[in-house]
Amino acid sequence: MFLRPSTLLLTLFLALVAGSAIRKDVDEFDSNKGKDGIVDGDIMLTEAQLRILNGTAKRSKRQITKIWKKWPDAKVFYYYENEFTSLKRELMSYAMAHISSNTCVKFQESNSATNRIRFTNTGGCASYIGMNGGEQTLWFGDGCLIFGTAVHEIMHSLGLFHTHSRFDRDNFLSVSYKDVPENMVGNLEKETEQTTYNAVPFEYGSTMLYRYNTFGEGTLVSKNEDYQKTMGLRRVSFYDLVNINVRYSCGCAKSLTCENGGYTNPSNCATCVCPTGFAGTLCNEAPSNTIKLTAESYWKGYWVNFGYSTSIQTTNYYLAYLWITAPADKTIEVKIMDLSGFTCSYGCNYNGVEVKYMGDPRITNPLRCCAQDTEYLNQVISSKQNPTPIVMQQRYGSSKLTIHYRYVDTPLSSNKKSTNGYDNYQYYV
């Protein structure tokens, strides 16, 4: 079998950098250890909100949405403390721009607006939930320097909770309190249908989900074991953006016919917001920085180096893609043969590979970043996508991925179709 090689490397001159050597990422919970007044690892609550969660005040769902207040007209005012570093300003500005370019939420810098967020260097990574009125603080310390963490805290300030606190989380996670300190047990409480509502499916790749070992070894265990290393990802998922849009009732007067589960962009109604791995006005094209591969009825091999030409660690991901196509209605199969130069970690937040094989093109598929997890190597992945995107992410140096791929005659159309239960988009299951 002939292995075709390729290289996707970026010379690092525009990316935000966090240091010259690999630095252990500290999640929101770890950064806030010892900080008073924190619930759920990184959330600050007003006294009224605490009474709601503690059950000392009873409210209807309509009243609850008033407790977790939205920003009027989806416009958020903010300012930076003088000590807020230039790197953090760039990172936070990038996070706000990402949200505003894919939703109807807009951000405006102002230190005199009646309601505003104050960004401060100190106190770990934490935020209040929703708009509290007046000035509220968003803490963004030195352990927060990753793009998805910036978005994570902003999403709290927009009124969104953690994925692992959803009232239906027990369908997707097993929660162990064995190694959780007694004073931390409250961080693992679920919300109720009376305090929150779910607008999207449970998303293992959400930037609002903590990792497997956040509160202690094996505290949050995925009931789908394929997702164990995906939990804690800080890339920002498509469904994270959908969550914001639903929260703020974003939309356009006229909807486009977006493909592959995309939606009309409330920030620019002439184009669609596309799931990761898809691009173009209507989400029917490959993203830039994509290598296109054509599957045959026999196994073909391919390897690719992707990432940076330097070992500096960045605060955001360099994304590159493979796009595997086959004749219409054929089923594509992929095998990951080797992962070289990957950093094994929960959340795969240094580098990772995602084969988008599931029927719902919007959901995050399991990420792979651990060469020692040999049970996932040389295993046939049967895709319900044609073309099948493979997403490669990198924050530190470069990595090498080797795959085999082919198509088989099993018609995709022989699969049943369903929805995610939250909207009407149909896909193969």
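Glycine is no exception: its Cβ is also placed from the backbone N, Cα and C atoms.
The following features are taken from Swiss-Prot:
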- GLU153: active site (ACT_SITE)
- HIS152, HIS156, HIS162: Zn(2+) binding site (BINDING)
- CYS104-CYS250: disulfide bond (DISULFID)
- CYS125-CYS144: disulfide bond (DISULFID)
- CYS252-CYS272: disulfide bond (DISULFID)
- CYS274-CYS283: disulfide bond (DISULFID)
- 62-251: domain 'Peptidase M12A' (DOMAIN)
- 245-284: domain 'EGF-like' (DOMAIN)
- ASN54: N-linked glycosylation site (CARBOHYD)
- 1-21: signal peptide (SIGNAL)
Which of the three DSSP-derived classes (helix, strand, coil) applies to CYS144 (disulfide bond)?
helix
For the C-alpha pair, I'd like the distance in angstrom between CYS250 (disulfide bond) and CYS272 (disulfide bond), rounded off.
13
Count of other CB atoms lying within 10 Å of the CB belonging to CYS250 (disulfide bond):
20
Could you find out if DSSP has CYS272 (disulfide bond) as helix, strand or coil?
strand
Those residues of the chain, 6+ apart, with a Cβ under 8 Å from that of CYS104 (disulfide bond):
ALA74, ASN245, TYR248, CYS250, GLY251, PRO266, SER267
Within 10 Å of the Cβ of CYS283 (disulfide bond), how many other Cβ atoms can you find? Include all protein chains, please.
22
Going by DSSP, is CYS104 (disulfide bond) part of a helix, a strand, or coil?
coil
Check HIS156 (Zn(2+) binding site) against DSSP and tell me helix, strand or coil, would you?
helix
So, by DSSP, how many helix, strand and coil residues make up the domain 'EGF-like' (245-284)?
3 helix, 5 strand, 32 coil
Measure from the Cα of GLU153 (active site) to the Cα of every one of the recorded positions CYS125, CYS144, HIS162, CYS252, CYS283, then give the nearest.
CYS125
Ranking the disulfide-bonded residues CYS125, CYS144, CYS252, CYS272, CYS274 by other Cβ atoms within 10 Å, which is at the bottom?
CYS252
Rounded to a whole number, how many Å is the Cα of CYS252 (disulfide bond) away from the Cα of HIS162 (Zn(2+) binding site)?
28
Within 10 Å of the Cβ of GLU153 (active site), how many other Cβ atoms can be counted across all chains shown?
26
Quick one: which of these recorded positions, CYS144, HIS152, HIS156, HIS162, CYS283, have their CA within 10 A of CYS272 (disulfide bond)?
CYS283
